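What follows is a set of notes on a single structure, which appears directly below.
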Amino acid sequence: MSPQTETKASVGFKAGVKDYKLTYYTPEYETKDTDILAAFRVTPQPGVPPEEAGAAVAAESSTGTWTTVWTDGLTSLDRYKGRCYGIEPVPGEENQFIAYVAYPLDLFEEGSVTNMFTSIVGNVFGFKALRALRLEDLRIPTAYVKTFDGPPHGIQVERDKLNKYGRPLLGCTIKPKLGLSAKNYGRACYECLRGGLDFTKDDENVNSQPFMRWRDRFLFCAEAIYKAQAETGEIKGHYLNATAGTCEEMLKRAVFARELGVPIVMHDYLTGGFTANTSLSHYCRDNGLLLHIHRAMHAVIDRQKNHGMHFRVLAKALRMSGGDHIHSGTVVGKLEGEREITLGFVDLLRDDFIEKDRSRGIYFTQDWVSLPGVLPVASGGIHVWHMPALTEIFGDDSVLQFGGGTLGHPWGNAPGAVANRVALEACVQARNEGRDLATEGNEIIREATKWSPELAAACEVWKEIKFEFQAMDTLDTDKDKDKKR
């Protein structure tokens, strides 16, 4: 090669592979108010130091790759790289660590949950140096929160729209979830609404199948709503599931719901995707529709304790993307949910400011500034005997949703709805009178059965029903200390 055409490496660039921790592990780093902070549960492969594993997570979820590249010199790596700034062992677990990672805000597109997750939980979860990886929590800085519109309306606006205050809202998922004709489906909705429920609901997989096309369902459910409203004098709603195969079809269904004058639509935000969800949320805000969110597929992501993503992260993401309700588990029903963990992410959904509290699984203080709150929905295997516990656990700003606990009543849907409404009103009144729902709950329900035969029949049917299984997702504790106790 002639001297004129010879190319020399630029000064300062050295090709090859070097440990991630040399660049991305920075324990001396002081986090900024504008950083997005993440807490990862890291299980390294044998022989991989925790500092290297944490640094690898920071690198692969921000600016790094497996080898040094010359284009690093064309940007300010210190400005844009993620940093692992802390490592701590997980109590009671061998070879598991919490790695704290800080991401500069400029790594993320404004107002895009999709981009945020693509960066933070994109390729890194398949990284070979890690046996398992779980995103436990995120701190969203106020500077980034303000780029999101959040829920279409929020808790207070929903109460004003419905003219319902001072108690949890009551709902019911129509069962069987698949197979009913549109007319029979609408009839089931009407019976539940006239019996005293505030809402009925499409199940997550009710979209537009051969046995019941979406337009027919919307029409018959709207008829049920208006008929029940005329008879009861209360505002009613049905969560019309607008989830579809394309965003265009989803929005077409939402437009039709608005034209019918119904108050609320529904979306499966994980299977539908965050881009679709945010688009639907914007439409609902602009057109006065409430938005109910179902979390179908969440357990695929969040149920394993050492790999995936905790639901508190999915809950925060939903508040940013937009939704007025979201299913949150029940603590007492058939679906997964430990009490302290559940109450932790319920607060993250509803409150404006949440302090760090590791006893409830909250790793970071979170300030939502002016972003509206989301109503948690307790649903799954609950019935009238659970009403005192649900009222005590979730409080007024919640939706208590009884599917089988309404439709399984021996006298039919309307008496099932009556039983739930009577049980709720009895619990709210007892609480307001200063009684302890946690210790007097069963007595309160028994007293109410004396003047409600519908409630008495429901209590008899479900008196022996319990779902006593240990939760998979539990708080971290020192197992050796627990054994000594």
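Note that Cβ sites are derived from N, Cα and C of the backbone, with glycine treated the same way.
Record check: Swiss-Prot places N123, T173, K177, R295, H327 at the substrate site, and the matching candidate among S62, S379, S398 is S379. D203 (Mg(2+) binding site) falls within neither a helix nor a strand when secondary structure is assigned with DSSP, and so counts as coil. For N123 (substrate binding site), applying a Cβ distance below 8 Å and a minimum sequence separation of six or more within one chain yields E60, S61. Of all the recorded positions in the record (K175, K201, D203, E204), the one with the smallest CA separation from R295 (substrate binding site) is E204. The Cβ of K201 (N6-carboxylysine) lies under 8 Å from the Cβ of G171, C172, T173, I174, H238, Y239, M266, H292, Q401, G403, each of these being in the same chain and 6 or more residues away along the sequence. Separating the Cα atoms of D203 (Mg(2+) binding site) and K177 (substrate binding site) is a whole-number distance of 6 Å. Closest by Cα distance to K175 (active site, proton acceptor), from the recorded positions H294, H327, S379, is S379. Around H294 (active site, proton acceptor), the same-chain residues six or more apart in sequence whose CB sits under 8 Å from its CB are E204, N241, M266, H267, D268, Y269, I326, H327, listed in sequence order. DSSP assigns K177 (substrate binding site) to coil in the three-state reduction, placing it in neither a helix nor a strand.
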